[in-house]
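Encoded as structure tokens, the structure appears first; notes follow it.
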Amino acid sequence: MRILGGLRVSLVNGKRFNSTSMFVPVHEPALESDCRRLENFLQDKPHILVLTGAGISTESGIPDYRSEGVGLYARSNHKPIQHGDFVKSEATRKRYWARNYVGWPRFSSIAPNVTHYTLARLEREGRISGIVTQNVDRLHGKVGSKEVVELHGSGYDVICIGSQNERGKGCDYRIDRHEFQRILDQLNPAMEDKSTAMRPDGDVELSAEYVEGFRIPACPQCGGNLKPEIVFFGDNVPMPRIEKVVRMIIESDGVLVLGSSLTVFSGYRIVLQAKELGLPVGIVNIGATRGDPKADLKISARCGEVMSNLFQR
């Protein structure tokens, strides 16, 4: 029996493709036995820590970087923004914020999918202890999940990255991204949506000419530069966040990875730490992951198909 999870799908060369999102790679269909195997893995572990990656949000229509054939790396030569470039270059900041400004209405309106809803239900039922997500889309929060750590931050908050004062403390200015959008509206009344494609962090492709006249505000408290509270490539996850994740691992009785290739070390480290503590690790992901050799359970399938019927009997 194949689990459909309420989503329309089509067969491509004998493999199943999720027609609700062009960003889900071609994959084998999930079987009912996959769901039962995952249930057995979770059955006696009420304190499972769940790590989620971009592979669960592709089913909502948010592209990722690495998916075979459909990820950003496969579709273009564009690379993700680097933290150092954003901090040092005014042109880079202008280009990023112009793209993010145009992409924000679409990005912020994207709806959660069956995996997000299932995890929220499992948390309410006491079957999982918490979620660490590598995603910046806040879709877990939209479905009411409570114990969520956004490992790489969130696109829904904007912070100041102004220089530290004489006491070594930086500016603490913070603004909600929706409110920041209204400020950008006022500064750029002539901007229209001429984008071509949304990118994983919510920005879009725009021509250089389109970006040229875009205006971004300085921090109203210190005059510094503003950036989304996202850990860009080349930046480090804040130490307090890492310490909280370590505590969550120690207090868990296993780790379940959903929709992550674990290529980025901040996610893979969670698997390594779990195994160092002798904890079991389960992985559900389309295709191979960096953590497969460490996994006690590996299911190669679309997360939404496997999760949709979990503990529903």
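Please read every residue number as a count from 1 along the shown chain.
A Cβ is built for glycine as well, from the same backbone N, Cα and C atoms used for every other residue.
Model, not experiment: these values are computed from the prediction.
Quick look at what TrEMBL annotates:
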- HIS152: active site, proton acceptor (ACT_SITE)
- 53-73, 134-137, 259-261, 285-287, CYS303: NAD(+) binding site (BINDING)
- CYS160, CYS171, CYS219, CYS222: Zn(2+) binding site (BINDING)
- 28-313: domain 'Deacetylase sirtuin-type' (DOMAIN)
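Structure coloured by features recorded in TrEMBL.
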{"residue": "GLY53", "record": "NAD(+) binding site", "CB count, 10 Å": "25"}
{"residue": "SER57", "record": "NAD(+) binding site", "CB count, 10 Å": "29"}
{"residue": "GLY61", "record": "NAD(+) binding site", "CB count, 10 Å": "17"}
{"residue": "ASP137", "record": "NAD(+) binding site", "CB count, 10 Å": "25"}
{"residue": "HIS152", "record": "active site, proton acceptor", "CB count, 10 Å": "21"}
{"residue": "CYS160", "record": "Zn(2+) binding site", "CB count, 10 Å": "21"}
{"residue": "CYS171", "record": "Zn(2+) binding site", "CB count, 10 Å": "18"}
{"residue": "CYS219", "record": "Zn(2+) binding site", "CB count, 10 Å": "17"}
{"residue": "CYS222", "record": "Zn(2+) binding site", "CB count, 10 Å": "15"}
{"residue": "ASN285", "record": "NAD(+) binding site", "CB count, 10 Å": "25"}
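In space, SER57 is the closest of the binding-site residues SER57, CYS219, ASN285 to HIS152 (active site, proton acceptor), judged by Cα positions. Neighbouring residues of the recorded Zn(2+) site, listed in sequence order and excluding CYS160, CYS171, CYS219, CYS222, comprise ILE161, GLY162, GLY170, ASP172, TYR173, ALA218, PRO220, GLN221, GLY223, GLY224, LEU226 (Cβ within 8 Å of the Cβ centroid). Nearest to CYS160 (Zn(2+) binding site) in space, judged by Cα atoms and limited to the binding-site residues GLY53, SER57, GLY61, ASP137, ASN285, is ASP137. Mean model confidence of the domain 'Deacetylase sirtuin-type' (28-313) amounts to 88 (pLDDT, 0 to 100 scale). The binding-site residues recorded for this entry are GLY53, SER57, GLY61, ASP137, ASN285, and the Cα of ASP137 lies nearest to that of CYS219 (Zn(2+) binding site). The CA atom of ASN285 (NAD(+) binding site) is located 44 Å away from the CA atom of CYS222 (Zn(2+) binding site).
Each residue contributes its Cα atom, and for GLY53 (NAD(+) binding site) and CYS222 (Zn(2+) binding site) those atoms are 35 Å apart. The distance from the Cα of CYS222 (Zn(2+) binding site) to the Cα of ASP137 (NAD(+) binding site) comes to 28 Å.
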